[in-house]
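First the structure, in the form of structure tokens, and then the observations on it.
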């Protein structure tokens, strides 16, 4: 007899395993389905005890078991090797009785499903030779659960990175099932076969996508799950986010240390004088160039990426197929659109001072990506940049799609050469070195991040945001500042502060996005608020939308201290127009702030170009931030005022939302809940912290708009640090500071 108390009293045992446990075990939001599969596979009898009157159709997670105060015992007993019956109260062989005909029907359905599940899973456990046939029974059963789990919604949430409890339930069930197979002695091939059948029978994706993705990930996932010390609750809290609970595991909590140098006084923003020199900066992000795009092909397939000859039957009417310049549906950027945009930019903006290129180069064919194909598209895109901008400095940042498989970036402590990321970092060093100084090579080779001097007194730092990516499975084993990137960032910023340099930071995944791990994001947030006087601007991509994130220091939580600009994507994936961003930055003179003075978003009307089969694309300026929003400056304070004003001004928000979608005619409507979510996103430079970053403001709030100072002048320690900073700038080893962690 295995007995489980379904509640939230304490953490479950490692992996939630049921093997050889003959005592009470707490299941915290554990999947009933995983319990049944595991228990029946080991031929065990299971009793589930819950302090609630549970509706069986809500039995997907224990967290849904919230109702009344009486205590009910639910028995799942095995009367034969192939039968599991569900009863209420004392263990009997009869059918369960719960008030209400709907509940009876639900329980009868669950009972029937568990009977079939037991038979299939017991056969699977008893005979390796019949593994495939047995899994057919399990997957047939699970497909009948798909309506309850709503896996179609899960897939949509994964695509949009907007997660709800539906994804949490599916995550816990999936991770629990993977844990069961990994720890039951199955080979990688058997696990791959089982997972593929589940994916296909649950209709999560087409057979080739299921097979392709699982074959790409299986070795990595098994390697991680065999070594991870987290359970399914911790894993899903990390991957899914706040809707799946807090990331409370001590293994996910860590802090970077700061040098013992106080934060300098913060001064009010001073707008550059009219006529002051400016720099013109181009941001290109998320090109997702698809070399296999085919006009006229199926643009409405059931896969993550369409508009290819392999995407299924060609539509009977030509206008229903993929457009000649791209498509609003799940399709990436064709070559002719890439060339049109680069040609337009080179002709319209011949005075660009430098380019920031914020990642995501390969297409979204995530089931079919290879190292060689990714390297080829990286090289081809570099060649395109060199063709149109041969003399312009270009500063790249690494995207999450450059890995193969996508999101896979093994830190240096992963010693198995099969999983090494050297194949990518070696090529990036070769391709990017044409634009970067020799001093950047050590960190570029080690972790795909670097710093460089743009102008005297003006530094650019490019971060590898894949070490905050919660879809990077390797971070489940150890997420503590991989490659010491954040410690290195502190060192670079402290050196710049002491040298009176201004800094721009670029990266791919925005630090406040749900795809960024909470602990990494929290540490980054501490860094950028500490060095707010040094960091003049931040630039990211990844979301494909036109948006921003704000930062607020802990000591003055309603005063915006920094802004991260999130540039629009080139790819139309999906429901978007292609676009790019132009920034005007305070230019070259002695007191330059290097702040962003204004920015423009340029787009093309993809739908109209396809409708009239235009021989060339027309690119136009969609808006200027200062003109469209009536802002006197783009200081963090003014951006904060703008965001807060949208809560009460729906017309202003509608304008922002139109630009957010790059003027797409097929963008979905945004109701009040959508509006609150997007405005909260804009206030959240810290991920998975909405209760903190989006809390209401006091009615009588008077923020420190003109700056503040609670710090003493810099100590002699600052001078000592400054005397050695230049010698350490290219230091590769682990970083540590004398002093306490702040």
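The backbone N, Cα and C atoms fix where each Cβ goes, glycine too.
Note that the coordinates shown come from a computational prediction; the quantities given were computed from them, not determined experimentally.
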### TrEMBL annotation of region 'Disordered' - which of the ranges 44-64, 65-85, 86-106 it falls on
86-106
#### Entry: From 665-688, 689-712, the residue range that TrEMBL assigns the feature region 'Disordered'
689-712
### Summary
Over the domain 'Saposin B-type' (164-248) the mean pLDDT stands at 86
